[in-house]
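Undergrad: The following feature annotations were taken from TrEMBL:
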DISULFID  Cys4-Cys50  disulfide bond
DISULFID  Cys69-Cys93  disulfide bond
DOMAIN    1-106  domain 'FZ'
DOMAIN    122-243  domain 'NTR'
Amino acid sequence: MQLCRDVGYKRMRLPNLLEHETVAEAKQQAGSWVPLLAKQCHTDTQLFLCSLFAPVCLDRPVYPCRSLCEVVRDSCAPVMESYGFPWPEMLHCGKFPSDHELCIAVQFGNSKATPPPVSKICTQCEMEHKADGMMEQMCSSDFVVKMRIKEMTEENGERRLVAAQKKKVLKLGPLKRKDTKKMVLHMRNAGACPCPQLDSLSGSFLVMGRKVGGRLLLLAIYPWQKHNKEMKFAVKFMFSYPCPLYHPLLYGAGQH
């Protein structure tokens, strides 16, 4: 199981603590959480998730402590929200035992939420450099558009990008005519972080996003480079790429 590689034990309990009956089911469901580890939102993220998806094989189940859940949630939920995903109900921290009971406690990280470093670029602005990585992003996106940016504003901790009238829709997804005619993209939790791609609004951009609650969330943005072979390949063959069967929770660059 990729999510729980190198956790320090070989045998896991089934059903797991999320009621997955088989290893295959657990692996499939855990796969959608792998990209969250690359975001490094908290050092105990793997410990928390694997205590549920692949619990160590003991006589009785041992759940993560409520405090472990809370610190991982408080550190990672803002990253998930940037992609339009709420913290899931199945990981509601109130269902886990308090620290004075037998449970898995915070081990490697701080017992407080990890604030993102000020210099860390916005999650949406982390770029893949290979075609495969870009096509993974396209798999997870509802729409892909080549466009120019008319204006950018910041409000309530997010950026708002207004597309110029002329644009090329490469993947339509659930977009309606009104969405493409006056396209406004929202970048959640991106008001205070740097985004090098948007230092200059000149030229065209390749953008990917999801439609959530009637709003268009920008999930990835690249300056359009017509001589970039990796980008050209990704755009040309995005519909031929074997997308994962599960819907990835997140995607994007890890630490390059």
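Glycine is treated like the rest: Cβ placed from N, Cα and C.
The structure displayed is predicted, hence computed values, not measured ones.
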Undergrad: Starting from the Cβ of Cys69 (disulfide bond), draw a 10 Å sphere and report how many other Cβ atoms land inside it.
TA: 26
Undergrad: Taking only the Cα atoms, work out how far Cys4 (disulfide bond) lies from Cys69 (disulfide bond), in Å, as a whole number.
TA: 17
Undergrad: In the structure shown, which of the disulfide-bonded residues Cys4, Cys50, Cys93 has the fewest other Cβ atoms within 10 Å?
TA: Cys93
Undergrad: Could you tell me the mean pLDDT over the domain 'NTR' (122-243), as a whole number?
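TA: That region's mean pLDDT is 94.
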Undergrad: In the domain 'NTR' (122-243), how many residues does DSSP call helix, how many strand, and how many coil?
TA: 30 helix, 49 strand, 43 coil
